[in-house]
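J.: Here you go, one structure.
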Amino acid sequence: MTVVGNPRSWSCRWLPILILLLGTGHGPGVEGVTHYKAGDPVILYVNKVGPYHNPQETYHYYQLPVCCPEKIRHKSLSLGEVLDGDRMAESLYEIRFRENVEKRILCHMQLSSAQVEQLRQAIEELYYFEFVVDDLPIRGFVGYMEESGFLPHSHKIGLWTHLDFHLEFRGDRIIFANVSVRDVKPHSLDGLRPDEFLGLTHAYSVRWSETSVERRSDRRHGDDGGFFPRTLEIHWLSIINSMVLVFLLVGFVAVILMRVLRNDLARYNLDEETTSAGSGDDFDQGDNGWKIIHTDVFRFPPYRGLLCAVLGVGAQFLALGTGIIVMALLGMFNVHRHGAINSAAILLYALTCCISGYVSSHFYRQIGGERWVWNIILTTSLFSVPFFLTWSVVNSVHWANGSTQALPATTILLLLTVWLLVGFPLTVIGGIFGKNNASPFDAPCRTKNIAREIPPQPWYKSTVIHMTVGGFLPFSAISVELYYIFATVWGREQYTLYGILFFVFAILLSVGACISIALTYFQLSGEDYRWWWRSVLSVGSTGLFIFLYSVFYYARRSNMSGAVQTVEFFGYSLLTGYVFFLMLGTISFFSSLKFIRYIYVNLKMD
């Protein structure tokens, strides 16, 4: 066979227009762009195939011994489609708009024993194919397997050789597409001797029906006996439970802490007025708690460059996550495919690099940092280096196994070009603005030259305990929704409840801010002024809980297996936990900083 129109050629039309990373076909707001007349040809593309329980382990459909044209012509793909592992190619199926086909022969094949064994292995691994009609995915199983555990034991494997396509239209647009094998018996692949050939006849039928649904987004893709139940009530119960947690934490911070602080401030200021003749050291001897460390609480932390880089990249991902959710709320993504989300994430990451540079450089200059160039390099490397290392391992495994998830060299070159020409320069530009607009750190209290000795702390005020409490509470607020997100990313479910996702994201940030303030207050009350890094680690540890949940999900909630899927799952789960660490660590730090400024600015000090 001859391959025409290699899918890698798509990059040639992308290089001159890097900013249009969302591509064509799956771009924002694109839905039903093709209009047909009765009898017009409708192209069906074959795409990819792979184990049902391993969605990221995909191979080209024509790698199986199936009907294919003499010359394989590939469809020009967008960036999002390539990132999603798509490799669309023209097929032998002839479909015309609104024309039914009872039964049409696709091709006749003579399969060798090796080819039959390849099909048997694919069916035993529950291979699941994907075709594409007018940007609508059509999915189904390659064959049928029946296992009997009773005596006599039987193990039957059959290949579906007749596919029944059902398409729904509205006016001149295709709204829905599906494939089934109803009333069709599979062709048995059992009992073939090594020197025998198996003759097969592949056929198909097409049924058209008109629908009252006007938009594809209104037609649930699972209405044809979908794989997943509708659990909207569970989502809302999760929201309610999380909101209760938020109200409890906000009430704890706003009522209990503020009342304690009000009493402490009143007593502190009263004692200062009655002992104005004494020295500050004498006063310190008669006081305790967070008030006594007012000369040390704003002492700059070690590794300030790394801290500022964490805050900068965390702020960038906060903007990136918010942008993705808002775009989803506006209906800018195709709910049936993830390619546009991948493209949007790359575009937003490149554009929001200016945020990381600005925040990092601005705060670094405020707290007295002098190595500005090193700070920018650290900021640009804090996420990109771990991501590149993880991607290199994952992509190498895909490439070694011939998976379509392995990115072509042209795609890699394009993404590197985007980072070098857009991401890195914007980080530097943001850093320059941040450095030039930074004013000296405005501390309400003067810092002594000699650091105060920190008394021994009880076990429940240790960093590990704070990380456990500060990570578990935000995680518990999103744990239910996290299952559905994992089932979408690492499974076959379709997630469309972006409004609920927005609420959950807001709840996550609110819980993180509240618990950070509470933990910081408890730390300061023990005369421990090393809150800078502690505030980042305490709530940032939510990322660790998310990674631990991913391990639980892999072991107990999924049927994923094999080196390809396992390496990708744990590699990107580690990155996901790292991103949440950066985001929530940033929220936690600035919440604690705002809280500390508030309580110390109200102290009367000379």
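Any Cβ shown, glycine's included, is placed from N, Cα and C.
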J.: Going by Swiss-Prot, point out which residue in Asn178, Asn437 is annotated as N-linked glycosylation site.
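T.: In Swiss-Prot, Asn178 carries the N-linked glycosylation site label; others show none in the record.
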J.: Between the Cα atoms of Asn178 (N-linked glycosylation site) and Asn559 (N-linked glycosylation site), what distance do you get, rounded to the nearest Å?
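T.: Asn559 (N-linked glycosylation site) has its Cα 25 Å from the Cα of Asn178 (N-linked glycosylation site).
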J.: Using Cβ distances below 8 Å and needing 3 or more such pairs, separated by at least 6 in sequence, tell me whether the transmembrane segment (237-257) contacts the transmembrane segment (535-555).
T.: no
J.: On a count of neighbouring CB atoms within 10 A, which of the glycosylation sites Asn178, Asn401 is highest?
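T.: Neighbour-count leader: Asn178.
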J.: Quick test of the contact rule: Cβ under 8 Å, at least six residues beyond the ends. What residues does that give for the transmembrane segment (339-359)?
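T.: Here the qualifying positions are 19, 21-23, 26-28, 78-81, 83-84, 86, 308, 311-313, 315-316, 319-320, 323-324, 327-328, 332-333, 376, 379-380, 415, 418-419, 422-424, 426-434.
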J.: Counting only pairs at least 6 apart in sequence, do the transmembrane segment (373-393) and the transmembrane segment (535-555) share 3+ Cβ pairs under 8 Å?
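T.: Contact absent: fewer than 3 Cβ pairs fall under 8 Å.
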J.: Taking 10 A as the limit, how many CB atoms besides its own sit near the CB of Asn559 (N-linked glycosylation site)?
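T.: Around the Cβ of Asn559 (N-linked glycosylation site), 12 other Cβ atoms lie within 10 Å.
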J.: Is the transmembrane segment (469-489) in contact with the transmembrane segment (310-330), using three or more Cβ pairs under 8 angstroms as the rule and ignoring pairs under 6 apart in sequence?
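T.: No, the stretches stay apart by this measure.
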J.: Cβ pairs under 8 Å only, please: of the recorded stretches 412-432, 499-519, 535-555, 570-590, which one is richest in them relative to the transmembrane segment (469-489)?
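T.: Checked against 412-432, 499-519, 535-555, 570-590; highest Cβ contact count belongs to 535-555.
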